[in-house]
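Peer 1: Here it is, the structure in full.
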Amino acid sequence: MEARLVLGSSSERRKAVLESFRIPFICVSPDFDERSIVYSGDPFEYTKELAWNKANVVRSQGFSDALIITADTVVVYKGEVFNKPESEEHAVEMLRTLSGSSHSVITTLVLMQNEKVLSASENTQVSFIDIPPQHLKTYVRSFSSLKRCGGYCVQDGGGLIIKQIEGCVYNIQGLPIKTLNQLLMEFNISLWDYLV
């Protein structure tokens, strides 16, 4: 591969998803305050702006020639955006709100190299079971909810609360593989060449 590949993310899940391929990359945490971007009502534009800002921050950290991958993921329910919870109580409230209903998980990817910038979004529908109220705090403490958009995860036992998923499961983990590969192919890279 000609270009150095940089995953601009502090997410362990995104890193783990990309590590499932043999593609060489480094992981750089973008020093960017996501709270500086105000949600204006369009989750696709919101996640695109966040991912674009992350990519620019990584580029400014000495990776100007690298192929930079950044992403931002949000949960959307009845027009409201759920990011990472700010406290255990906030996570419990998020899960209580989402319990027994369906919501969208939207991730926008931005790939940036020099002046070439591409982006694409993925939308996955997730339905929750009616989560027993007495298990909400246990769930939050068991699955590092404060590090997860919407306060939940799909991997390991975290999927216990999920009734149905329509769309890309990797999107819920923050790195939709099919969409990522489509963008990488525009830079003459295919994940098919890096299967383990």
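Glycine too: its Cβ is placed from the backbone N, Cα and C atoms.
Swiss-Prot lists these features:
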type	residues	note
SITE	Arg13	site 'Important for substrate specificity'
ACT_SITE	Asp72	active site, proton acceptor
SITE	Thr73	site 'Important for substrate specificity'
SITE	Gln155	site 'Important for substrate specificity'
Peer 1: Taking only the recorded positions Asp72, Thr73, Gln155, which one has a CA atom nearest to the CA atom of Arg13 (site 'Important for substrate specificity')?
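Peer 2: Nearest in space to Arg13 (site 'Important for substrate specificity'), counting only the recorded positions, is Gln155.
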Peer 1: I need the most crowded of these recorded sites: Thr73, Gln155. Count other C-beta atoms within 10 angstroms of each C-beta and give me the top one.
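Peer 2: When each Cβ's neighbours within 10 Å are tallied, Thr73 leads.
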Peer 1: Determine the most Cβ-crowded residue among the recorded positions Arg13, Asp72, using a 10 Å radius around each Cβ and all protein chains in the structure.
Peer 2: Asp72
Peer 1: Round to the nearest Å and give the CA-to-CA distance linking Thr73 (site 'Important for substrate specificity') with Gln155 (site 'Important for substrate specificity').
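Peer 2: If we compare the Cα positions of Thr73 (site 'Important for substrate specificity') and Gln155 (site 'Important for substrate specificity'), the gap is 16 Å.
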Peer 1: Between Gln155 (site 'Important for substrate specificity') and Asp72 (active site, proton acceptor), what C-alpha distance do you get in Å?
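Peer 2: About 18 Å separate the Cα atoms of these two residues.
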